[in-house]
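Listed features, source TrEMBL:
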type: ACT_SITE; residues: K109; note: active site, proton donor
type: ACT_SITE; residues: K224; note: active site, proton acceptor
type: BINDING; residues: D149, E177, D200; note: Mg(2+) binding site
type: DOMAIN; residues: 91-196; note: domain 'Mandelate racemase/muconate lactonizing enzyme C-terminal'
Amino acid sequence: MNPADRTITEILATTKVFAIPLHDEFRGITVREGILMQGPAGWAEFAPFTDYDDHACLPWLQAALDTAQNPWPAMHRTSIEVNTTVAVVSPDRAAELVAASGCRTAKVKVGGLDGGVLRRGIVNSLDADAERLAAVRDALGPAGKIRIDANAGWSVDEAVRAIPLLDAAAHGLEYVEQPCAGLDDMATVRRSVGVPIAADESIRRAEDPMRVVLAGAADLAVVKVAPLGGVRQALRIAEATGLPIVVSSAVDTAVGLAAGLALAGALPELDFACGLGTASLLAGDVSSARQMPTDGRLPVPAAAPQPDRLAEFEAGRDRTAYWLARLQRVAALLPAARINR
Ligand SMILES: O=C(O)CCC(=O)c1ccccc1C(=O)O
Ligand SMILES: [Mg+2]
């Protein structure tokens, strides 16, 4: 075994499986689960959603191994402005969460769905979305910014109808994240509405993120460390798009959020608040060094924190077995040159 492969084997032997309850259901989940692992550069998180197949989990593992093995790249700033993230909750709850966050930007889930799962019946939920947005505007005040995320839940017609309506309800939207699934549909919506469009799933699940740019599908790119294969890889992709970047979390623990903050810190330009204010979605965390925004900002970390609270959130026997088996299957997919030379 060469030294790099030996380190990978050693890192994969340090795994701890966590399970943390969420305050409100998000993306159809109520408990966030995943694996932490430790390498020479520190702790790293591997927590692909359970609906991802093994192949789709590969970049998530490469990202974790990269974090465990290598220090962050050079930083261009010391703190990051973040949005608070509002799940599909009641208007009162949305206002309460936004007010408590201290953030000046809120990202609100819309489209009657909360995550990548398509759920039709948008006609019934549009009113609820509008009411939630009005409540968030009240809580933020006129100077605050509101962005919405439809998680690809709309057809072109639905998006073109919903966006002006929600823009009015929010008294102005900063942008709409992933209104539709397809690149051509995104481009059509982008040409048809007066609100900027951000691509998330179109970047994160794509074979080639550059197709978003070629299709004219977005004004901004949402970039997440884990699905793009690590901080360095995400940095390369972000720069290649030439678009303004919003670094976002996958509802990570303090360990995963540190990698997102490192990416945000390393970007040469960063003009929009990032989606890294997600710690408050979790009912607890693996580390006492939680990434909770102060005045809407988070510090850029020197390294991922120690998971000194892990014992409180250690997963049970069955879920631990599930995650370790999953990790083993995904590790077997690592490029051969890296694992058994
Ligand atoms: O961007 C944010 O504010 C939080 C991250 C977020 O919304 C998210 C978290 C997990 C999975 C998907 C998404 C998403 O942006 O669609
Ligand atoms: Mg999104």
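Glycine is treated like the rest: Cβ placed from N, Cα and C.
In sequence order, K107, R147, I148, A150, N151, V176, Q178, A198, E201, V222, S248 are the residues of the same chain, not among D149, E177, D200, whose CB sits within 8 A of the CB centroid for the Mg(2+) site. Listed in sequence order, the recorded positions among K109, D200, K224 whose CB lies under 6 angstroms from an atom of ligand 1 come out as D200. For the pair formed by K224 (active site, proton acceptor) and the residue listed as 'active site, proton donor', distance between Cα atoms is given as 17 Å, rounded to the nearest Å. A C-beta separation below 8 Å, combined with a sequence spacing of at least six in one chain, links D149 (Mg(2+) binding site) to K107, V108, K109, V110, V176, E177, Q178, D200. K109 (active site, proton donor) falls within a strand segment according to DSSP. Most Cβ neighbours within 10 Å among the binding-site residues E177, D200: this distinction goes to E177.
Under the three-state DSSP scheme, D149 (Mg(2+) binding site) falls in the strand class. Counted with DSSP, the domain 'Mandelate racemase/muconate lactonizing enzyme C-terminal' (91-196) comes out as 54 helix, 12 strand, 40 coil. The Cβ neighbour count for K224 (active site, proton acceptor), using a 10 Å radius and every protein chain shown, is 24.
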